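Below is one structure, written out as C-alpha cells; comments come after it.
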Amino acid sequence: MALPTLGGRLRTYQVVTQTRWMRPEAKRASKRQRDVDLGERGLGSLFRNLTLERVVERYRQTINISAAIMCQFCKPPQLEATKGCTECKSSFCNECFKLYHPWGTQKAQHEPTPPTLTFRPKGLMCPEHKEEVTHYCKTCQRLVCQLCRVRRTHTSHKITPVLSAYQALREKLTKSLAYILSSQDTVQTQIAELEETVKHTEVNGSQAKEEVSQLIQGLCAMLEEKRATLLQAIEECQQERLASLHGQIQEHQAMLENSGMVGYAQEVLKETDHPCFVQAAKQLHNSQIPLDSCWLCVPPEAPVIDTQRTYAYDQIFLCWRLPQHSPPAWHYTVEYRKTDAKAKGLKLWQRREEVRGTSALVEYLDTDSVYVLRVKGCNKAGFGEYSEDIYLHTPPAPVLNFFLDNRWGFNRDRLAISKDQRAVRSVPGIPMLFAAERLMTSCHLSIDLVIGDVAITQGKSYWACCVDPSSYLVKVGVGLESKLQEWFQVPQDVVSPRYDPDSGHDSGAEDTTVEAPPPYAFLTIGMGKILLSHGSALTSRDPNGCTVPLPPRIGICLDYEQGKVSFYDAVSFRELWECGVDCSGPVCPAFCFIGGGALHLQELVANKQERKVTIGGFAKLD
C-alpha cells in the first residue's frame, strides 16, 4: 500500500512545483496534452524513478525520525528492527534475523540491509528482461541491459557504459547547479529591485492619477468660469446692441410720424403773403427734424491708412483717416497679426479695441518680421468696413536708443547739436566764407565728426536717421571708440576718418598678409544720392552704376559678433550695402559732415507724444 501513496505524493509534488514556479505563459502551455503510445505493456515498460523514491524516503525518515521501525517477527512486546532483508521483504531484530537465516541454508546468503518499510529493488532493473541496466543508448536516450544491447532494436546505436554516461551527466549537472547557486544572489537582488520598482510604480501611478484628477477638476472649473464670463459678456453685448437698435427704430418711427410736417412745409412754401409765411416758417423752424442725427444711423466707411506717417521702428505707429463724406466714428478697432510663409495656417488676429483717435501704437513685436494691419470704425450704427491691409517690416535687430554726444571735442563753430541731442546741423562758418573769396585758388573743406553717447560691446543693434537731401556730403556709420578718440586729437583739416590699408609703396608686403577689417564703416550720402561701393549687389538707376536715390530714412544694423555692419532703406527695409568692421573693442555710432548738411536721429515710437485734436465735436488723437 506504500506505492500508491508514494505515487500520489509525487504527483502532488509535481503539480505544486509547476504551479509555483511557472510563468503565466508556461502555465497555459502546461495545460496542453498529447497522447503517448506506451506499447502493449503499458506502464510496465517504464523505468522506476528510483532517485525520486529515495528523496521521498529520506523525507519520510526526516518527518518520522522519532518513530522507530519495529521487528515484524517478534512476539509482543516487539523489539526495534535493526536489519532488513530485501529477499524476505521484512525487517528483523538481531535475534529474529539469526533465527530466520540459519547457517547452512539458502537464506543465510541473503544480504542484510538497514530496516525499511519498502523492499523494492535498490537498483534499476530492465522492465522487459528484469536484468540490471548496465549501458546507456545515446540514440534512444534510454538505459538498457545486456540483453537489450544485443537485440536488433539497438543495432548501430551509440551505446556507452552507464559509468561514462553517469560521469558526463554528473559533470554537466554539477556545472549547471553551480551556476544556478552562484546566480541566486543576483537573482534575489534583481527580484528585490523589481519588487521595489513595482511598489514605486504603484505609488507613482496613484499619485499621477490623483494629480490628473485634480488638474482636470481645476481645468473644468476654469472652463466653467470662463464659459460663464463669456456668456455674460455676450449677454451684455447683446443687450447693448439690442438697445441701440431699438433706439434707432424709435428714431426712424419718429421721423415717419413727422412726415405730415413735410407736406405742411411744402404748402407753406406756396404762401405769397410775407407776414403769414414768416409766422408759419418760424413754427416749422422750432419743430424741425434734426437731420444731423441721421448720420448716426449709418456706420462709418472704411478708414484710409496714411502710409506717409505709418512706420515700424521699436513699435509700429499706425495712422489713418476717414474718407471726406464718411459718417463720424466714435472709436476704432486695430487688428494685426504676424505673417509667416512657413506656417501651415494663418495666425489669429490680435486687436486693440476702442482706440479714441486716428493713430495707435502696436508693441511687443518680433524683430525681422512682417506684420499685416487693418482698422475699422464704430459708431451708434455699429462697425463699418475694414480698411485695406497694410504690411510693415520690423527692424532686423533690437532698436538702440542713444543721443548725440556733445562732450567730445568737435568744432562747435561748424556743428550745432539740438537741445534734445537728437539732431545736428553742419554750418560752413566764417573761415569757409573767407576761403571762398579766393576763387582762383583751391578751397579746402574740413571734415567734422560727431558720435553717439553709447558704446556697443555685444549682440545686434539697429538705429535709423534722416539725412537732409540738400546736405553737401554726410557719412553715417560706425567706428571703434579708440580710433574715434584718436581722430579728435589730430588736426581736423588733415586727417579724415577713412581706412586706407595700403602702405603707400609697392613693396608687396601687403599681399602676403590677410587684410584686417577696417576700424570704420561709413555710407556716403550727398546731394540727395547714396554712393555705393562697386561690390554692391544692387542695380543702380545711375548711368555710372554707383548711386541710388536717398530714401526718407537710413537704417544701420551692427552685428558685433559677426563683425559686420549693414545699411538699409528704413522704409522698405531693403538692404543697400554691407561691409566688415573691426569689433575688437567698443564700437560707437558716428556721423561725418563735409560742408553744409543736417540729420536727426529717428525718435522711438514709444516716446512719441500724442496730441488731441477736436473735429466736429469729437476728440481724437493725432
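Cβ from N, Cα, C; glycine included.
In TrEMBL, the feature coiled coil is placed on 184-240, out of the ranges 13-69, 70-126, 184-240. Secondary structure of the domain 'Fibronectin type-III' (299-397), assigned with DSSP and counted as helix (H, G, I), strand (E, B) and coil, comes to 0 helix, 45 strand, 54 coil. The average pLDDT computed over the domain 'Fibronectin type-III' (299-397) stands at 90.
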